[in-house]
Amino acid sequence: LAAVNVDCSGYPKPACTMESRPICGSDNTTYSNKCNFCNAVVESNGTLTLSYPGVC
């Protein structure tokens, strides 16, 4: 399995769309889309990573 990276430059954003493109984070939480995931990455000081695209 190749590591999948998400470019979170330009985050955090104050508001995310309701778009549903689930991402599973390394904390075993399903984020509804890249925006929500990237905001969480910034909040975690970069410790949160992407496990895989899709629901955990």
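Each Cβ is built from the backbone N, Cα and C atoms, and glycine gets one as well.
In summary, of the candidate residues N28, N45, the record from Swiss-Prot lists N-linked glycosylation site for N45, whereas the others have no such entry there. When Swiss-Prot is consulted, the disulfide partner of C56, picked from C8, C16, C24, turns out to be C24. Annotation in Swiss-Prot places C38 in a disulphide bond whose other cysteine, of C8, C16, is C8.
Ranking the disulfide-bonded residues C16, C38 by how many Cβ atoms sit within 10 Å of each one's Cβ puts C38 at the top. Sequence-distant contacts (6 or more apart, same chain, Cβ under 8 Å) of C35 (disulfide bond) comprise Y11, K13, C16, T17, E19. If you take the C-beta of C8 (disulfide bond) and look for same-chain residues 6 or more apart in sequence within under 8 angstroms, you find F37, C38, V41, V42. According to DSSP, C24 (disulfide bond) is assigned to a strand segment.
DSSP gives N45 (N-linked glycosylation site) a coil state; it is part of no helix or strand.
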